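Beneath this line is the structure, given in structure tokens, with notes to follow.
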Amino acid sequence: MKPRISPLPLALALGVPHLTLGTPVFAQSGPVVQDLRGADGGHCAGSNGCAGADGRSDLVLTQSGLNIKAAGTAVTLDVRGSNGGDCDDVDSQNHWGGKSGMGRIIELSAVANMRGSSMSRRCVDAFRYLVTKTKCTCRRKTQCLPCPMSLSSLIGQEYDWAMQRLQAFKYELMPNGEQQRNMRRYAGSCRFVYNKALALQKQRYDQGEKKLSYAGLCKQLTEWRNSTETAWLADAPVHPLQQTLKDLERAYTNFFAKRADFPRFKKKGLGDSFRYPDQKQIKLDQTNSRIYLPKLGWLRYRNSRDVLGEVRNACVSLSGGKWFVSIQTERKVERPVPKATSAIGIDMGIARFATMSDGTFLAPLNSFRKHEARLRRAQRAMSRKTKFSNNWKKSKARIQRIHARIGNARLDYLHKATTTISENQAMVCIEDLKVRNMSKSAAGSSGQPGKNVRAKSGLNKAILDQGWYEFGRQLEYKLAWNGGWLIAVPPQHTSRTCPCCGHVSAENRQSQASFACVACGYANHADVVGAINILARGHRVAACGESA
């Protein structure tokens, strides 16, 4: 999880002073285009002309990636040349000293507001350069000036005051019998297309042929829909089938990037879903709590909250014997400013789910452990049934409901915890834990059997029951929605390092909960010590960009 640097903490970390009217601001070299447009709608013919007495001016520095909109009466630009040329006092004209500019001094006089009209990575780098660099290489009479930036101008130039927010709203569907049968058919069609396309890709690989792209798979899909053997695919909507091929392409991309294992064939009854990507085909009637989906018609849903924003796509899924629809929306919201100014470090664990650097902690929920006995009885009952019989299917549905209850309880706990933290903290530092590596099996192989397999199995079960990754994922987007930011730091030796003297030793941690420094004698709870060290590392990352 990469740290997300927002402008406000960045400016605080760098000690940026306040900008008053007329403060010079240093910009990188590059051609300058100045367009002074009057309030009466006139525009200038030349680079120095101004139409209208009350001017709203747009100043664009093209090569350095800056785009500044200044709403005011005058903008003064001082350009100094690389060949040593100097410029006279400037009031409302542009004086060029030399043929090419090594640096520019932009003086904003009587400027009420300065706001960036666009946001890009190049723009971010340019303004970060403005803050961190205070000198440039000049010659002869050219003067080197510092570049003070204010918080308001930094945020205004680097970000627009509005931001696009993607958010999904999930509801339980209440379909009739025919709609349920159709949804199962469409989910089965998507699963069939996915498995058939995966088998085709494997066959081409075994024959030494090149893997088909998404466009090539779409051509195969057209042939399958027109074939007499698989003519029933034409009954399903085509867009969800195409989205299934996109999912397969994404699975291959994740595999080649070493983010996931090789794509596997989908099994019936596990993860049945299909997605409608075309917003024009989706109709939402929130007043009557219903949604229209192609070839399904109007479906009623449990309207627990209003859908905000413009609908982008909809995904229908089956979980625990119930159908759900997830509606993804996009809307423009004001860029939030954090209400809190505090920062906190969080140490994740099992005995304590989350320990804060201020000494408070969250007790673990252990949802799976609470339902483990009930789940064990249901699984033993299903094992005594004849496979694929009606009683076996009922037992399987019962197990699925138990798993859904376990997952819902865990998700509810994580949402409540992350919402509370994100609303009361401006910066949160956590460990960048590799849960997949931590929960690997210790069974080993037949040639090299593992040790303490039972103990490691119990530890793995407890680790996976916590939901550490989901906790960090929710913190990341909720902090962003509240104007805060999240930093993930390396977890090495966070619970073995003394926060008082910095001594690192395994002997410092005497037990799971006890920490006592052998060098200076500092003592505290081991998880609290880890959270304090995580917060200190987060401050170093925010201030200096350190990786540890």
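Every residue, even glycine, has its Cβ placed from backbone N, Cα and C.
Copied over from TrEMBL, here are the features:
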DOMAIN    163-210  domain 'Transposase putative helix-turn-helix'
DOMAIN    326-441  domain 'Probable transposase IS891/IS1136/IS1341'
DOMAIN    468-534  domain 'Cas12f1-like TNB'
SIGNAL    1-27  signal peptide
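DSSP states for the domain 'Cas12f1-like TNB' (468-534), grouped as helix (H, G, I), strand (E, B) and coil, give 26 helix, 14 strand, 27 coil. For the domain 'Probable transposase IS891/IS1136/IS1341' (326-441), the DSSP-based tally of helix, strand and coil residues reads 56 helix, 25 strand, 35 coil. Averaged across the domain 'Probable transposase IS891/IS1136/IS1341' (326-441), pLDDT in this predicted model comes to 95.
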